[in-house]
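**Student:** One structure coming up, written as structure tokens, with questions to follow.
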Amino acid sequence: MDLWVAIQALILGVVEGITEFLPVSSTGHQIIVADLIGFGGERALAFNIIIQLGAILAVIWEYRRKIIDVVVGLPEERQAQKFTVNLLIAFMPAVVLGVAFADLIHEYLFNPITVAAALVIGGIVMLWAERRDHAIRAETVDDMTWTLALKVGFAQCLALVPGTSRSGSTIIGGLLFGLSRKAATEFSFFLAMPTMVGAAVYSGYKYRDLFQPGDFAVFAIGFVTSFIFAMLAVRALLKFIGNHSYAAFAWYRIGFGLLILATWQLGMIDWSTAIG
């Protein structure tokens, strides 16, 4: 492994870690940055699986106490049982629709116009969700009912559309359905755990032939970097929403969507190859 490859792995690990749990589309950022630094090919596909796994393990580690409490209390504690049921209910819609329509979505929606439109529309909806008057129905994730969990689960299905952002769809959905900012954000984190681990395992098996022993060092750099920066991003986001709305992220989504359209129209990035 030469120095430049190590730097590429470091850069992409940072990008994944920072953007995965922010409502801004980590995939879009990965595509642009990977193109700018010349990181592509089959190695890149396997590498992306590894760094996504690093990011999700970071949030699992960050919430390890909550997870342990739920697991230990599951046999007898009603709150632990309720939380687990809510998580499973929210998890299932994306699994069913993802398995049923994944190939069609990849064939017809993986293009720059879809990605840009999803970013812009998501940003506009996020602004509306933040500015409208609505009653808070759940201050914390423990206050959520199964119906609220199901609604957020259906909102997560929107993330099947490229550019929507998994965290963006669940956070926006949570806000629209009456969750507080903290509850919407934390439930998005918890819902990411089974969703992303499942996706990583599925993709890892599907593309298992792409994992080569010679790439171990590159993968290790990306994994560790993604883990560290995802943990920092999660902590920073929770602190940020304590005193701020999601409006800044909404405007960022809109600007990023327009940037994607510009890079595509001007031929600066070959998006057809990147996401086709």
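Yeah, the Cβs are placed from backbone N, Cα and C, and that goes for glycine too.
These figures come from a predicted structure and were not determined experimentally.
Annotations for this protein, taken from Swiss-Prot, read as follows:
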type     : residues : note
TRANSMEM : 44-63    : transmembrane segment
TRANSMEM : 85-105   : transmembrane segment
TRANSMEM : 109-129  : transmembrane segment
TRANSMEM : 183-203  : transmembrane segment
TRANSMEM : 214-234  : transmembrane segment
TRANSMEM : 249-269  : transmembrane segment
**Student:** Can you say which of 44-63, 183-203, 214-234, 249-269 has the most Cβ pairs under 8 Å with the transmembrane segment (85-105)?
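**Tutor:** If we count Cβ pairs closer than 8 Å to the transmembrane segment (85-105), 183-203 scores highest.
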**Student:** Under 8 angstroms for C-beta pairs, at least 3 of them, ignoring pairs fewer than 6 apart in sequence. Is the transmembrane segment (249-269) in contact with the transmembrane segment (183-203) by that rule?
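**Tutor:** As far as Cβ distances go (cut-off 8 Å, pairs 6 or more apart), the transmembrane segment (249-269) and the transmembrane segment (183-203) do not touch.
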**Student:** Can you tell me which parts of the same chain pack against the transmembrane segment (183-203), counting only residues 6+ beyond its ends and a CB-CB cutoff under 8 A?
**Tutor:** 21, 49, 52-53, 55-56, 59-60, 62-63, 87, 90-91, 94-95, 138-141, 143-144, 149, 152-153, 156, 166-167, 170-171, 173-175, 234, 237-238, 241
